[in-house]
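Here the structure is laid out as structure tokens; the discussion comes afterwards.
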Amino acid sequence: MSAKGERAASPTPSANSYSQRDNDKGNLSLHAEQKSDDEKLATSRDTSGDVSPAPSNDGQTEDDTNIISFTQDDPTNPYNWSRKKKIYVVVTAMVMVLNSTMGSALPSGATGATSRYYDVESDELLVLPVSIYLIGYILGPMIFAPLSESYGRKIVMICTFIMFTIFVMACAVAPTFASLVVFRMFTGIGASTPVSVIGGILADMYSTSRARGMAITAFMAATTWGPLLGPLLSGYITMYISWRWVYWVELMFAGATWPFLLFMSETYGPVILRRRAKKLRKETGDHKIKAPSELEKQDLWELITTVLTRPIRMMLFEAIVSSTCLFLSLEYGIFYIFFQAFDPIFADTYGFTPGQVGLAFLPIGVGSIFAAAIYLWWDYYLDRARNKPTPPAWSRKEEFVRLPLACLGGPLIVISLFWLGWTARADIHWIVPILAVLPFGIGFLLIFMALINYVVDAYEIYAASAMGATSAARSVFGVVLPFASSPMYATLGVPWACTLLGILSALMCLIPFVFIKYGEKIRSNSKFCQELKKKKADGEEKQRRLWERQRSRQEPDLEKGT
């Protein structure tokens, strides 16, 4: 348990003592440390968030700043929120993610109509409305994920969702193909925040890996179903109304999402404390009341060199993050290749209409439901193993909490790709290649749930930056690989193109097995994991000292009372 706001016994405030990203470390105590007993606040209020004095003892400082933090049962601490309130936040985040991911693939079902309207015939250019959106996914997480670790989740999501809403409307009225492509890029930048920040939101509210895992399952379902609904909706909307109505429908969905977002509570602990300190200063007139994050040095150079570069540093120098980025990026890229490849596979081979091609994606969604069921079964099995009188050693190993699911999911994707490639022929019924994408849906979600949960559990307070790194990396593949789709399938043919992707996926399957064997050693050598471990240890020690001082202060009061 951590003491987020406790003051270190040093002459001057130490920025390292007040990390504004320590909100994931447990229920905290609200207190104020002051220079002397004569300089205490006059009153101590309830546990909902006011300052209560603590004796200085060894916690004296050169100034008399009153530092506040959460009490053990503080209802404003996101860890202590009611189940109903947490579910509301998770549902809101899921709806935001659905806006984002559905928008990514929405133009794929309207490619033909867009081509005719703008008189664009180049296959490479027609890929742009989808691929350029994912460029926004590359740029956005590198900025917005670390900013959410400084200024809070909600304000970042509101600002970027404003951008998303405005540019969705712009896409609906785009006068030229070039303007449509530009508007789609800015839409993607605005849409990138929910996908990259949700890991941090869940870490803010759930202190255990099991609870986080259940919530991330819901998040991953939204990330899978969103791109699948895109081509399905756009295919039928284009057939029966107009391709522009694809974007008007997306705008309506965004409008319906706004009330959820506006009424969502901020989940980031340091921001909650900062607002509380501001309120207390206004109510009491005591300008020495501070939140821990207010004592940290805030400047533009720190923001640029430390905060905004964190996702890049994690991607380049953290083995867990970089390997996860590589695996997820390939599978994500294959997923987006399907949006280009299903036309030659199903339209050319079987004569499917755009709407029917969209329906061909549904088995991937069905597979994601099976994957969620497998995840829940594994979670139950693991919990039973851990609660045995003598738990098996493997059940206590961090790598076994998540990674066996990825060990199953990887081979399923390989099987799916070979199955799809060698059965998509005119002399074989169309249901056979369509069923081939069912194991892809299972494997895709299992891999994402396992590795994203593993990354969030490993990096906790840096989860948003780690998620931002993985989101940006896989978006690079999502942008680049679809451009290779048409030439690859035209040159190699459907069977050998799918075989190539299957071989690459088979190589990536080794990553979770390596993590299971060497993951503990990798984490012990990780700079970020060691920093996290140190912060937890420091927090527990500070909390212990605080409680001891509180008990020592209460004992004389009890003696007087008797």
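Indices start at 1 and increase along the chain as displayed.
Glycine residues also receive a Cβ, built from the backbone N, Cα and C atoms like all the rest.
TrEMBL annotations:
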type	residues	note
REGION	1-72	region 'Disordered'
COMPBIAS	11-20	compositional bias 'Polar residues'
COMPBIAS	32-43	compositional bias 'Basic and acidic residues'
COMPBIAS	44-59	compositional bias 'Polar residues'
TRANSMEM	87-106	transmembrane segment
TRANSMEM	126-148	transmembrane segment
TRANSMEM	155-175	transmembrane segment
TRANSMEM	181-203	transmembrane segment
TRANSMEM	215-239	transmembrane segment
TRANSMEM	245-273	transmembrane segment
TRANSMEM	316-339	transmembrane segment
TRANSMEM	359-382	transmembrane segment
TRANSMEM	403-422	transmembrane segment
TRANSMEM	428-454	transmembrane segment
TRANSMEM	461-481	transmembrane segment
TRANSMEM	493-516	transmembrane segment
REGION	535-562	region 'Disordered'
COMPBIAS	537-562	compositional bias 'Basic and acidic residues'
Long-range Cβ neighbours of the transmembrane segment (359-382) (under 8 Å; 6 or more residues past either end): 210, 213-214, 217, 220-221, 224-225, 227-228, 231-232, 335, 338, 342, 346, 352, 395, 400-401, 404-405, 408-409, 434-435, 437-446, 449
Contact between the transmembrane segment (155-175) and the transmembrane segment (461-481) (3 or more Cβ pairs under 8 Å, separation 6+): no
Stretch in 181-203, 215-239, 245-273, 403-422, 461-481 most in contact with the transmembrane segment (428-454), if contact is a CB pair under 8 A: 403-422
Seg_contact(the transmembrane segment (403-422), the transmembrane segment (245-273)) with at least 3 CB pairs under 8 angstroms, min sep 6: no
Best-contacting stretch, by C-beta pairs under 8 Å, relative to the transmembrane segment (126-148) and drawn from 87-106, 181-203, 215-239, 316-339, 461-481: 181-203
Whether the transmembrane segment (215-239) meets the transmembrane segment (493-516): three or more C-beta pairs under 8 angstroms: no
Best-contacting stretch, by C-beta pairs under 8 Å, relative to the transmembrane segment (316-339) and drawn from 181-203, 461-481, 493-516: 461-481
For the transmembrane segment (181-203), sequence-distant contacts whose Cβ falls under 8 Å of one of its Cβ atoms, 6 or more beyond its ends: 24, 89-90, 93, 96-97, 99-101, 103-104, 107, 128-129, 132-137, 139-141, 144-145, 148-149, 153, 156-157, 160-168, 170-171, 174, 212, 215-216, 219, 223, 267-268, 452, 455-456, 460-461, 463-464, 466-468, 471-472, 475
For the transmembrane segment (87-106), distant same-chain residues with Cβ under 8 A (at least six beyond the ends): 130, 133-134, 137, 157, 161, 164, 168, 187-188, 191-195, 198, 201-202, 205, 215, 218-219, 221-231, 233-234, 246-247, 250, 253-254, 257, 260-261, 264-265, 267, 336, 339, 478
